[in-house]
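Copied from TrEMBL, the annotated features are:
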REGION    1-35  region 'Disordered'
COMPBIAS  19-35  compositional bias 'Basic and acidic residues'
TRANSMEM  101-118  transmembrane segment
TRANSMEM  125-145  transmembrane segment
TRANSMEM  151-171  transmembrane segment
TRANSMEM  240-261  transmembrane segment
TRANSMEM  325-346  transmembrane segment
TRANSMEM  366-387  transmembrane segment
TRANSMEM  399-419  transmembrane segment
TRANSMEM  447-471  transmembrane segment
TRANSMEM  483-506  transmembrane segment
TRANSMEM  512-533  transmembrane segment
Amino acid sequence: MAITSKESHPSSLEEMSEDLDHSHNGREPTPEESATLRRVADHIPASAWLVVVVEFCERFTYYGLSGPFQNYIQYPYTDVRGADHPGAIGKGQQTATALNYFFQFFCYVTPILGAIVADQYLGKYKTICVFCGIYMIGVLVLVLTSIPAAILANAALPGLVIAMIIIGLGTGGIKSNVSPMVAEQYQGTKQTVKTLESGEKVIVCPDVTVQSIFNWFYWSINLGSLSAIITTNAEKYYAFWLAYLIPLIMFNGAVLALWFGKDKVVKTEPRGSVLIESFRVFSIALRNGRNLDAAKPSVIQTRDPSEEATRGITWDDIFIDELRLTLKACSVFLFFPLYWVIYNQITTNLTSQAGTMLLYGIPNDVVNNIDPIVLIIFIPIFDKIIYPGFRRMGWELKPVVRISLGFFFCALAMAWTAIVQHKIYITGPNYECTLCDENQTPNNVSIAWQILSYFFIAISEIFASITGLEFAFTNAPATMKSVVMAMFLFTNCVGALLGFAFLPLAKDPLLLYMYSALGVAALIISVVIYWLFRDYDQTMKVDKAALQAKYNLRVDTLEH
């Protein structure tokens, strides 16, 4: 895989590795030092922060425009500013939730297309630039079809669906590439010993550095998601078209960051789509009893020595071994669709739940911003205090433990949400008939009761969402990063599809049962993940080291 940047780069893999591994003028730790010294993160390159800015602006746009969607679809149009339930389309809670799930689904299936375009044709940087243009067209369609004249002409619903499709294409092309691109800006590969100004010897660890990069990357996502506070207030007190215009203006920041970083960021050139090759390998494996080895060229040649048998094969045996390791690293993703079903409650049913409670003048779709606020506060605390504190005590929270804890906090979030829903149902004046009349007063339950739901979901994101991506990205071979990203994002897509299964429960008085079922499922999965994968943190390192030795042997053979 070719790597280019503004600076001159080494002419061989070995020279590049040597330059990176000795960036601290340090040495590799001895076994005793590995067992006793504290591990710290390296400095994050400036180019990585530029990519973070791109993600911040894109997420500002995404959450700023999707934040008002539930009200935009659920409630009918009113030109009264400051109305309790501003709306435009008036299709009700179930339709609003269904369209939100469709948007989530589409936004997380299109990353597969984005990964293929980047790997096969344009590279990550150029792909992000192209899909930024597509994204802006979609937001412009949304702005134009949300003006009062368009709403009264019944253009709001078709305009929204068209905008969702175009925006989904844009965000998919960006999301599949921006996460691996930010991690690629740091190219250290080996641990080195470093002496701090305090005199303490520490180990500068690439894995800890990648963890820190993803923590700050996720922090920028949640900082951007606070845009919904601005847009939901704009929706309530002015108009939907202004709520959607603000993200369109902000998106230009991503374009400027890409332009400024065009000669500064580390770029990977297209090398042929690993995703397409992977799909072809899976096809061969399925036809041979799900045996990946059956797709190895050496096995194919043994089975059929004719040239015709291997015609069109663009991979080698090591690719199959890399793919197998990647699948093992990503196996923990099998449980993430349910995680996203729970997470998506933030912008769907929890938003509707808030509309049945005492809001004290706060827009019902602004309350869910408690989640990103908690993340903005706690991600730095976890990154700088909690995780290092555990490492100082010699008790490092390994990725599998963190993911398991993430699902546990998801369970707590749904348990608390069920309690709140029960309290709403037993409180007047409407009891279980929370929205029998669009103009009725809410039940006498304060919106403050929802705070813990958002708090628990936010903590779960720190443990599960950030760590899931970090775990697979760290353990997958370098050539498989796009496959890892596509698979991780695809779990969100599956989660949106799974959410449709819960739609029959997304109405009164069944919401209580839905939240309870999700909470119990998350608790069970928390235990199952730890039980199934508790040894993966160590075994993945052993498997990766064995594959790396095999890869290095291949490099030596090719160069000599």
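Quick reminder: no glycine exception, Cβ is built from N, Cα and C everywhere.
Heads up, TrEMBL stuff is auto-annotated, nobody curated it.
Here the transmembrane segment (125-145) does not touch the transmembrane segment (483-506). Their Cβ atoms form fewer than 3 pairs under 8 Å, with each pair 6 or more residues apart. Long-range Cβ contacts of the transmembrane segment (240-261) within its own chain (Cβ-Cβ under 8 Å, at least 6 residues beyond either end) map to 47, 50-51, 53-54, 56-58, 60-62, 64-65, 68, 72, 86, 88, 125, 128-129, 132, 135-136, 139-140, 142-144, 146-148, 151, 227, 230-232, 234. Taking Cβ pairs closer than 8 Å, the transmembrane segment (366-387) reaches residues 63, 67, 211-212, 215-216, 218-219, 222-223, 225-226, 228-229, 232-233, 346-347, 350-351, 354, 359, 396-397, 447, 450-451, 454-455, 457-459, 461-462, 466 in its own chain, all 6 or more past its ends.
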